Amino acid sequence: MEEDLFQLRQLPVVKFRRTGESARSEDDAASGEHDVQIEGVRVGLEAVELDDGAAVPKEFANPTDDTFMVEDAVEAIGFGRFQWKLSVLTGLAWMADAMEMMILSILAPQLHCEWRLPSWQVALLTSVVFIGMMSSSTLWGNISDQYGRKTGLKISVFWTLYYGILSAFAPVYSWILVLRGLVGFGIGGVPQSVTLYAEFLPMKARAKCILLIEVFWAIGTVFEVLLAVFVMPSLGWRWLLLLSAAPLLVFAVLCFWLPESARYDVLSGNQEKAIATLKRIATENGAPMPLGKLIISRQEDRGKMRDLFTPHFRWTTLLLWFIWFSNAFSYYGLVLLTTELFQAGDVCSISSRKKAVEAKCSLACEYLSKEDYMDLLWTTLSEFPGVLVTLWVIDRLGRKKTMALCFVIFSLCSLLLFICIGRNVLTLLLFIARAFISGGFQAAYVYTPEVYPTATRALGLGTCSGMARVGALITPFIAQVMLESSVYLTLAVYSGCCLLAALASCFLPIETKGRALQESSHREWGQEMVGRGTNSTGVPRSNSGSQE
């Protein structure tokens, strides 16, 4: 009774009385307002009219009806065998994405020497991949919201696999430039695997599972470096490109096992398909389905850009765009800076080293040595502790504070590089900086799918991913071009950018820790319900949201 009383106090709607007797007078009926007496407590209620055909939200339904939403089913079924399979399959997509990114740092110097390419053509080979990713990220998000998460992910994977294999047979520079750009276009859809994955996860496991999926990114980068160590000296870069497509090939074969998101099916009106998917998951996990009838969410337009800029989401969208931009800008900038700093020994040696090589021919080149591959491997390994730290703090501090913490520590490490330090301390600072900037990236991947409703979740993640590619596209001009003029200005740019990103994280209006995924963008249906759990005092939480 205490729980019913709390809901009646919080929700401005009429609930049926269990006695079945009417407590309204004729004046009440005319005004649409009346009081209800429950065990001596009078509660003022207000009648709300529903549009014809509109689904009645569970919170407002007759308490004698047994109904449930997709969120209830996912929570009841829990984490089990199905989610483990999905974790591995989603991880393969992330592993393939990481390998395609890591191969850029291996392929560029190889083609520079083999085809005698000038420096600007080598740089363009990297930039064209990010241009493809930047231009397609929003498109893949729109496709996933309009036609389904599985559809968008499958098309992007087959696209990337096809052009990735063709890249290995490119006869001349112009061909590989076009083909790698098309590979980048396909990679722009890989982040949609996180959207699909998150929508099948119970609330308590969501953050940990998404972060653990990011481990596959680190595994992919390590695997690519190890593959290059054995393949490049004997078989060459063409075989490296072919073998690097292996995770995508495995994913393409197994992706037919993937179900469509039940949340998407409900939102698009496919109730029977959603129920079938939920029953399949319950069977695989050996868990019972909730009793009753699945409530269909109000059908609405999906994948519309304007929905990201409604008054409720406008500020969140703009701040997230800057956060994602800063993440990629700093992450890939650090990757480029690492090679420069290792070759120079420390920051103070860079300027003199640059002057010494200015007179060298632009076509001069050096093949990557085994020592170079080991340096790449060492810096890549720093992402594993980054995952562990983020995993430990994200459910303790919350998503916003975790992102802010990662940005602040990266900024401090960048500032400490101003000091003329030895190689060992330099390596330690670079290790810590990369661990935390990768941790900030991972926290953003947790937060973004949680903050947007199902109707715009894929588009929101896609546009954020697109802004990240803008940062990745710009950062070579800072980490390589500006570095030649002033190493201190370069470090100041990265440090300042991350400090601003930390502030942006703090100013995000919604904290998604302990919050259920939103099904609808309509606030009147309680879009910011904080799960169906309780707060620290054991009192059920209202639908006022988690805004701070």
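Residue positions begin at 1 at the first shown residue.
Placed from the backbone N, Cα and C atoms, the Cβ positions cover glycine too.
As annotated by Swiss-Prot, compositional bias 'Polar residues' applies to 533-548.
Marked as phosphoserine by Swiss-Prot: Ser25 (among others).
Per Swiss-Prot, phosphoserine is recorded for Ser31 (among others).
Annotation source Swiss-Prot lists phosphoserine at Ser542 (among others), citing similarity to another entry.
Taken from Swiss-Prot, the feature region 'Disordered' applies to 523-548.
Swiss-Prot lists 1-87 (among others) with the feature topological domain 'Cytoplasmic', giving sequence analysis as the kind of evidence. Looking only at the topological domain 'Cytoplasmic' (1-87), the predicted model's pLDDT averages out at 55.
In the topological domain 'Vesicular' (109-122), helix, strand and coil residues by DSSP number 10 helix, 0 strand, 4 coil. Summarising the annotation, Swiss-Prot assigns topological domain 'Vesicular' to 109-122 (among others) and lists sequence analysis as the type of evidence.
Sequence-distant contacts of the topological domain 'Cytoplasmic' (144-156), counting only residues of its own chain at least 6 positions beyond either end whose CB sits under 8 Å from a CB of the stretch, comprise 93, 136, 186-190, 192-193, 195-196, 199, 255, 258-261, 264, 268, 302-303, 455-459, 462. The topological domain 'Cytoplasmic' annotation in Swiss-Prot covers 144-156 (among others).
Positions annotated as topological domain 'Cytoplasmic' by Swiss-Prot: 202-209 (among others). For the topological domain 'Cytoplasmic' (202-209), same-chain residues at least 6 beyond its ends with a Cβ under 8 Å from one of its own Cβ atoms are 74-75, 77-79, 83, 87, 391, 394-395, 399, 446, 450, 513-517, 531, 533.
The topological domain 'Vesicular' annotation in Swiss-Prot covers 231-238 (among others), and the record cites sequence analysis as its basis. Non-local neighbours of the topological domain 'Vesicular' (231-238) in the same chain are 106-107, 110-111, 114, 168-169, 368; each lies 6+ residues outside the stretch with a CB under 8 Å from one of its CB atoms.
The feature topological domain 'Cytoplasmic' is assigned by Swiss-Prot to 260-316 (among others).
The topological domain 'Vesicular' annotation in Swiss-Prot covers 338-373 (among others).
If you look up Swiss-Prot, you'll see 395-401 (among others) marked as topological domain 'Cytoplasmic', on the strength of sequence analysis.
Marked as topological domain 'Cytoplasmic' by Swiss-Prot: 446-457 (among others).
Residues annotated as topological domain 'Vesicular' in Swiss-Prot, with sequence analysis given as evidence: 479-489 (among others).
Per Swiss-Prot, the feature topological domain 'Cytoplasmic' maps to 511-548 (among others).
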* Return yes if the transmembrane segment (374-394) and the transmembrane segment (425-445) have at least 3 CB pairs under 8 Å (sequence gap of 6 or more), otherwise no. => yes
* Structure fact -> With the greatest number of Cβ pairs under 8 Å to the transmembrane segment (458-478), the stretch among 88-108, 157-177, 239-259, 317-337, 402-422 is 317-337
* Six or more residues out from either end of the transmembrane segment (425-445), which same-chain residues have a Cβ under 8 Å from its Cβ atoms? => 191, 194, 210-211, 214, 218, 320, 323-324, 327-328, 330-331, 334-335, 337-338, 341-342, 345-347, 378-379, 382-383, 385-387, 389-390, 394, 399, 402-403, 405-407, 409-410, 413-414, 416-417, 464, 498, 501
* Asked: What is the three-state DSSP composition of the topological domain 'Cytoplasmic' (202-209), stated as helix, strand and coil residue counts?
  -> 7 helix, 0 strand, 1 coil
* When you check the transmembrane segment (181-201) against the transmembrane segment (490-510), do you get at least 3 Cβ pairs under 8 Å, counting only pairs 6 or more apart in sequence? -> no
* Asked: Cβ pairs under 8 Å with the transmembrane segment (239-259): which stretch of 123-143, 157-177, 210-230, 317-337 has the most?
  -> 157-177
